[in-house]
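In what follows, a single structure is set out as structure tokens and then discussed.
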């Protein structure tokens, strides 16, 4: 089968690789000059199935109000003047109940755990290298309230049989020796030994090369204007003056997926702006061994070979990609507070990206009401974590195979209601 994939981020490239392995003739189209040059370029570097959790959680609405008055708040909201933003936020608020949180987190952990298994199999099969580490992830708590609040996450981990360790301040330094100097600032930590880290952009670039060796064609610097429709199906992709035709089409355009298919269906994927800095390591002993997540500021600090990546935060501000100095200040403050002297933040590069977020946190992967159109988008902050599993899942669906995990609640159909001649978002 001929398959066209729109988007060459980590999710699009993973989809291409697994589809090619399944024997399909695959073409990837992207407006950028190469793979992983937008959202996948400089993310936090975590592959963390155990920490897969929706931003829509109990208590978040009240926290959001409090964060409005904090200098280093992990969340910021600025109205972008669109009705869609307001609808999306209302839908997110409706997912902030304990019941919805448990359902959504369960879905996310299921896909994320499967994705890590797929990544490990890929690594064993190909030997792909991407500055990866398998030292686990460590969530750091600065208050007793945060430590107590981890109970609901631990319950989900136990239900999903995800290994974890609850660490005291004294035990934190066994996982991350450099934290010994600041253990008095911490009340404890939740360690997930099965999690991993790695450079997402490097991984995507090398996976694209592997996909090319399987026959995948990459068309970069190519405009993606519209989908051509005929007889209720996709007849091609309009790319400038050319129409590219295939048997099946995959939209993996991240935050831009929503507008691109808006004439066909309304999907609630909104850009969640995040930031990162990447600093050279100056003292390896003072740098992290693997990765930590500061629960207070929602910031991840990840060790690559000779660099430290510090990333996180969320801004609901539309497609604004302005680099804000205050956000860099927060990232520098966090890493210098926990790992003083580990990296030279004065020489750090500063980046921002738009994560494609759904109101319930779960991505949209699978079939659509249009028979030959598939979606692989909406992964939020977990595109790197969920990429391989999402790609394999999509390849199975397009190939007519039964997926290895439950997939019906991951598709767009959970958001759509039938209406005469159309589909629309289930906001009501």
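Backbone N, Cα and C define each Cβ position, glycine as well.
As given in Swiss-Prot:
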BINDING   3-17  FAD binding site
Mapped DSSP class for residue 15 (FAD binding site), helix or strand or coil: helix
Least Cβ-crowded entry, counting other Cβ within 10 Å, from the binding-site residues listed as 3, 5, 11, 13: 3
Neighbour count (Cβ, 10 Å) for residue 9 (FAD binding site): 31
Three-state secondary structure, residue 3 (FAD binding site) (per DSSP): strand
